[in-house]
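Residues annotated as transmembrane segment in Swiss-Prot: 21-40, 95-115, 116-136, 138-158, 161-181, 213-233, 236-256, 268-288.
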Amino acid sequence: MNLLTKERGLAYVQLARIDKPIGTLLLLWPTLWALWLAAGGLPDLWTLLVFVVGVFLMRSAGCVINDYADRNFDGHVKRTAGRPLPMGKVKPREVLALFAVLALISFALVLTMNSLTIALSFAALLLAVCYPFMKRYIPIPQLVLGMAFSWSIPMAYAAQANALPLVAWLVFLANLLWTIAYDTQYAMVDRDDDLKLGLKSSAILFGRHDKRIIGVLQLATLLILLAVGQLMGLGAWYYWGLLGAAALFVYQQRLIRERQREACFQAFLNNNYAGALVFIGLVLNYLLP
């Protein structure tokens, strides 16, 4: 393999964020919550495999189309200036081709599911494509991101139970609010650059109330997940998981208190552990009732 081929391969890895799995994990945890809740324990193994692989593929596809949408802005933002497109390592048409390949493979997997899941997948694709452009038009693009990152929840219920009960939409709402909270932490890192470029974000919209609103969103997330536990008759392990997530949310508030870029980014990353704790609590609930 020559140097040019290696560089091109690395550029594709960077476009798909294979080297930065945090987004995949933040999408994966609520998907797993939904699968376990819908199945009342370990879900069907093929369904589990399809959703785990699908999460990886669609998160990568979302990152690819995001870089295409932001190709004229990323070079002016400190955090994103080194991405493949602003660096000229790949051409825009190559980025679109990679997105198409990832989306088509994902759709091929979805075709092995039932008709309700297939129907819901079209909305998932629409949300993935629309989100990157929202920061130009709406004051809180994180709302659309939250919908995109939560859409796997009704899809998981559809695939596992062929139904969309109330609890599916409660988990959807909890994850939507959580996504807005952690992506606001992420947006706090880029706030100054976004203001210069005229882009919109929840961090800009919330202004000096950002920390307080993040806290309210985190509390609402926990309360809704608490209601889910009550509706599903879940046991102590689940609530211990929620308590662990609550402790991490308090820690995140400490991290963002001075609004320093690196600390805000660390708070964002910490959400991976919060999602994992809720999932561990769910698994233990069904393993050790």
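Yeah, the Cβs are placed from backbone N, Cα and C, and that goes for glycine too.
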Tell me whether the transmembrane segment (236-256) sits in contact with the transmembrane segment (268-288), defined here as at least 3 Cβ pairs under 8 Å among residues 6 or more apart in sequence.
yes
State, in range form, which of 95-115, 138-158, 161-181, 213-233 has the highest count of Cβ pairs under 8 Å to the transmembrane segment (21-40).
138-158
Distant-in-sequence neighbours of the transmembrane segment (213-233), which means Cβ under 8 A and at least six residues beyond its ends:
37, 166-167, 170-171, 173-175, 177-178, 180-181, 184-185, 206, 239, 242, 245-246, 249, 252-253, 256, 278
